[in-house]
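Colleague: Please see the structure below; I have some questions.
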Amino acid sequence: RLYSLAQPPWPHQRPSPSASKEVWKKGGRMFSILLAVHLALLACTLVSSGAFEKIAVHDYDVFFLLTIMMLVVIVWMIFYLVSTSRCPDAILCKDSHAGPVWLRGGLILFAIFSLVMDVFKIGYYSSFYSCLSAIKIIYPIVQAIFVIVQTYFLWVSAKDCIHVHLNVTRCGLMLTLTTNLAVWMSAVTDESVHKAHSNSSTEECNCNSQICQIFKNGYFWLYPFNIEYSLFASAMVYVMWKNVGRFIDHHSHHIHRLKFRLFRRTFFVGIVLGLIILVSGLGVLIVYEVRVNSSNESSKKKEALTMYYIFNIVCLGLMSLVCIGGSVIYRFDKRDMDRHKNPTRTLDVALLMGAALGQYAISYYSIVAIVASTARDAISALNLIYALLMIAQHTFQNVFIIEGLHRQPPKEDRKRDPHQKDPYGLTFVNVNAVSLRVPDSGSTLAPSTVPGIEAIHPSELVQSLAGPKKMNWRRKFLREISMFLLLSNIILWIMPAFGARPQFDNDKELNFYGDSMWPAIVDICLPFGIFYRMHAVASLLEVYIMS
C-alpha cells in the first residue's frame, strides 16, 4: 500500500467527470464566441461596404446575408422551444434576475414598432417592385417573422438555465446575438445614408405617389425603435448565453420579494422634482420641434436651440450635483458589498460603461469643433457647456449606479417573508427567550445548524425576528436621489428618441466635420446614448429598491 501511494498516477488515468465538464464548458463557450466574432466581422464588412456607392457591394447583398442569418436563427429558436426546453431535466433552475419585467415590456413595445416599420417597408418597396431586386421585399417579411418568433422566445425563455444540448444552445444564442447586432448595424447605416443622400433612392425607381412617400418617411422615422429592439434583444440573449449550464445560488435571490413593500417608504420629494423636470422637458421638446421643423426663420431656430441648451444645462447640472451627493452618502453607508455571482448585474455595468461611450464621443467631437472654430457666439458657448456637462453627468451617474448595484439590501429588510414557513420552526417568538437560547456572544449559527440558511449572528437573528427598524436618513436620501435621476433620465431619453437632434440643427459641427463624417458619427453614437438613458432608468430602479 505504501508503494502504491508513492507511485505517480498512471499516464492513462482519466480526469474526473467534473474536470471534463469544465473543460468542455470552456471549449463550448470559446467555439461559440469564435463563431460570433467571424459572423460579426463578415456582416460588418458587407454593411460598411454597401454604404458606399463606389464599392461593388450593393444593399441587396447585405439583405441577402441578413435574411439567411435570420432564417437560421428562426429555425434554431423553434428547435429550442419545441425540443431542447422540453427535454427531461433541461431547465433545473431559473435566473430570477434575468429578463425583468421592464426589459421584456420594453422589448414588446419596440417589437410592435419594428413590425409597423416592416409593414411600411414592404409597402414602400412594393410600390415599384418591378425595378427592384426581390430580396428587398423578402427581407422585411423575414424580419417581421424574426421579430415575432424572437420576442416570444425571449419572453418565455429569458430566465432559463438550460442543461441539455449545451454546445448547440451556446452556438444558437451567439448566432442570435450576432444577427441582432448585424441588423442594428444595417439599420444605423441605412439611416445615415438616407440622411446624407435623401434623393438617391428615387433615381432608379420613382416614388411619386403620396402613399409611397408616407411609407418611405414612416419606416425611416421608425428606425430608432428597431435599433433599440435589436439592442434590447442582444442584452437578453447574452444573459441567456451566460446562464447555459449554470446552477443558481438561491441565497442571492432575495431582493425582488421586497419591491412592493419598499415602494411605500418615500418622501416623494424626488418624484415631485423629477416630474417637474419631465413635464418641463416635454414642453421644451414640443416647442423645439415646432420652431425648428415648421419655420424657416433663422431667428426662431436660434431661439429653439437656446431654449433646448438652457434646459439641458440646468437638468444635467442638477443631476450631476445629485449624483455627487449620492456618492458622498455611500461613504457613510454601512451595508456590505454584494459579491454573489450575477451575470445580469455584470452585464448592466458593462452596458452602462459601454453605452456611455457613444455620448462621450459626440461630446468630445463637439468640444473640438467649438474650440477650433474661429466664429464664437452665444449658441456655441451654450453648446460647449452642454457637452462638458454631458460628460460629467454620465461619469458621476455611472459611479452612483454601479456602487448602488453592488450594495446589499439593508439587514432589517432581509428578514423572513411572513407568508413563508419560518426557517427556525418558531410560530410565536419571544425575543428574550430566543436571545437566551442562541450560542454565546461572538459565535454564529453555522449553516449546518439550520439547513439552507447562511451563517447569521445571534444579534441579527433577534433583529430579524423583532422586525424592521425605522428607515434612516441615508436610505431616504438615496431613494429620493434615485427617483429624481430616474425621471430625469426618462425625459433625456424621450427628447433624442422623438426627434430633438441639435447635432444636426446646429451647423457648427456639421460645417466643421462635413456632410458625410458628422452624420455618420451622430448616427452611430447617438443610439448608444439613447440606449444608455433607458438602461440607466432600469438600473436606477434597482438602486431604489435596494436602498
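Positions of Cβ are set from backbone N, Cα and C atoms, glycine also.
Pulled these from TrEMBL:
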| type | residues | note |
| --- | --- | --- |
| REGION | 1-20 | region 'Disordered' |
| TRANSMEM | 30-50 | transmembrane segment |
| TRANSMEM | 62-82 | transmembrane segment |
| TRANSMEM | 102-125 | transmembrane segment |
| TRANSMEM | 137-156 | transmembrane segment |
| TRANSMEM | 168-187 | transmembrane segment |
| TRANSMEM | 220-241 | transmembrane segment |
| TRANSMEM | 262-288 | transmembrane segment |
| TRANSMEM | 308-330 | transmembrane segment |
| TRANSMEM | 350-372 | transmembrane segment |
| TRANSMEM | 384-406 | transmembrane segment |
| TRANSMEM | 477-498 | transmembrane segment |
| TRANSMEM | 518-545 | transmembrane segment |
Colleague: Apart from its near flanks, which chain residues at least 6 from the ends of the transmembrane segment (477-498) lie with a Cβ under 8 angstroms of it?
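Modeller: Cβ under 8 Å, 6 or more out: 224, 228, 265-267, 269-271, 273-275, 277-278, 281-282, 284-285, 312, 315, 318-319, 322-323, 325-326, 329-330, 333, 397, 400, 404, 526, 529-530, 533-534, 536-537, 540-541, 543-544, 547.
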Colleague: Find the member of 30-50, 62-82, 102-125, 518-545 that has more C-beta pairs under 8 Å to the transmembrane segment (168-187) than any other listed stretch.
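Modeller: Per the Cβ count, the answer is 30-50.
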Colleague: Do any residues of this chain, six or more beyond the ends of the transmembrane segment (518-545), have a C-beta under 8 angstroms from a C-beta of it, and if so which?
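Modeller: Residues 100, 102-103, 106, 184, 188-189, 191-192, 195-196, 224, 227-228, 231, 255, 258-259, 262, 348, 351-352, 354-359, 361-362, 365, 394, 397, 400-401, 404-405, 478-479, 482-483, 485-486, 489-490, 492-493, 496-497, 501, 503-504, 509-510, 512 contact the transmembrane segment (518-545) from elsewhere in the chain.
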Colleague: Can you work out which residues elsewhere in the same chain, 6+ from the ends of the transmembrane segment (30-50), have a Cβ less than 8 Å from its Cβ atoms?
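Modeller: Residues 57-59, 61-62, 65-66, 69, 167, 170-171, 173-175, 177-178, 181-182, 185-186, 189, 241.
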Colleague: With a cut-off of 8 Å between Cβ atoms, can you find at least three pairs linking the transmembrane segment (137-156) to the transmembrane segment (350-372)? Only pairs 6 or more residues apart in sequence count.
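Modeller: They do not touch: fewer than three Cβ pairs between the two stretches lie under 8 Å.
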